[in-house]
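Colleague: From Swiss-Prot, here are the annotated features:
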- 24, 199, 224, 228: Zn(2+) binding site (BINDING)
- 26-36: motif ''HIGH' region' (MOTIF)
- 256-260: motif ''KMSKS' region' (MOTIF)
- 259: ATP binding site (BINDING)
């Protein structure tokens, strides 16, 4: 596999069997938005590709569960920090399950690594990288000769991005430990960790050695990842990661989506209108490094492309597909899956891979038209679809249920009741009643399909 490193702007070959990946996760003070979804889905694809070709992947995605935004939420809601963070961690993980994001091997929470963070600050203090101001302990960026080497910024660009709320030695200096009487005891004074320190301590505790891949949104490159790299370089005496990967922004009407801009589109909002697999397909449809402009029409088109996958599944009477065990490779056998893996090995060229998937579905349908009773052909296509589902992370549902998505239990019962009435009417040659029931359901966007095994129904989405 070759991946474009955000730092060197060059494709770096990843040819190890054991791969370590750390993905910066959410700050858990609100429901997750599409920006969080895109980052998780893009790097879940990376993980799936590696697992599918037999790599052993050690994957961590953190939770920032102590932060100024969470404290603000506490003040507004009257809830405890634990009540807020537990609620939104659960909410986030529900969203990830619906999007078919594989559960990480490690899900570290910042509050569980306070001792490790203090140990890191002690190391930095011992080597002269820190100083104290009235509100906390700061990292002196002028002591790090390689500071800004990650984001490749110059000092003027750096200064323009930072505020000067306290009298720091350098505009680019950042807080390691914020004094706060409501939190943790330490030799520096009661307080809580700075955001940039949290990730370094968690990475060091879990992985111990230089990461193969550090991933996150492009908005984290500076200052977050720059400051992480500085602390690891100066405190842990090593490079933090060999490859840095950053996914592009999700935009709404051409503007970056963020909670601070009050233009967030929550995952849960999208899932009210579209199933998780359709949203996943949509978020994967552009290259991870490109900026992604949210469009309802594009999401609808992505759903139509996914429909073709399920039409083929339905034609083959292929039911639910089980996702693969992350502890074992899935033993890719089909030629199409091997071809798609080869494409994705080139910096996750997903557009080309999805185009090949479209071609495969079209070709498979043509072959089935010619040889509808060929059992070997059908079995080969079924195996290919199962492998492709595990690589892309969509296509797992039973096809019949897929085309019935979005219908409530009560509506489902009413539909089934009307189908029985229609079946009885047809037996009695009461075709006017049978046609009237069909029209009644059609007006509710339900279409009926009469098959040798009985009548089935689907929801009309367009």
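For all residues, glycine too, the Cβ spot is worked out from N, Cα and C.
The shown structure was predicted, so the numbers you read here are calculated from the model rather than taken from an experiment.
Walk me through the surroundings of each of these features.
Modeller: Mapped onto three states, the DSSP output places residue 24 (Zn(2+) binding site) in coil. Counting every protein chain shown, the number of other Cβ atoms lying within 10 Å of the Cβ of residue 24 (Zn(2+) binding site) is 21.
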Colleague: Looking at Cβ-Cβ distances, which residues of the chain lie under 8 angstroms from residue 228 (Zn(2+) binding site) while being 6 or more apart from it?
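Modeller: Listed in sequence order, they are 196, 199, 200, 203, 214, 240.
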Colleague: Cβ-Cβ under 8 Å from residue 224 (Zn(2+) binding site), same chain, 6 or more residues apart: which ones?
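Modeller: Long-range Cβ contacts: 24, 195, 196, 199, 216.
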Colleague: Sort residue 224 (Zn(2+) binding site) into helix, strand or coil using the DSSP assignment.
Modeller: helix
Colleague: In DSSP terms, helix, strand or coil for residue 199 (Zn(2+) binding site)?
Modeller: helix
Colleague: Can you work out the mean pLDDT of the predicted model over the motif ''HIGH' region' (26-36)?
Modeller: 95
Colleague: For the Zn(2+) site (24, 199, 224, 228), what does the 8 A shell look like? I mean other same-chain residues with CB within 8 A of the CB centroid.
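Modeller: Going along the sequence, the neighbours appear as 195, 196, 198, 200, 214, 216, 220, 225, 227.
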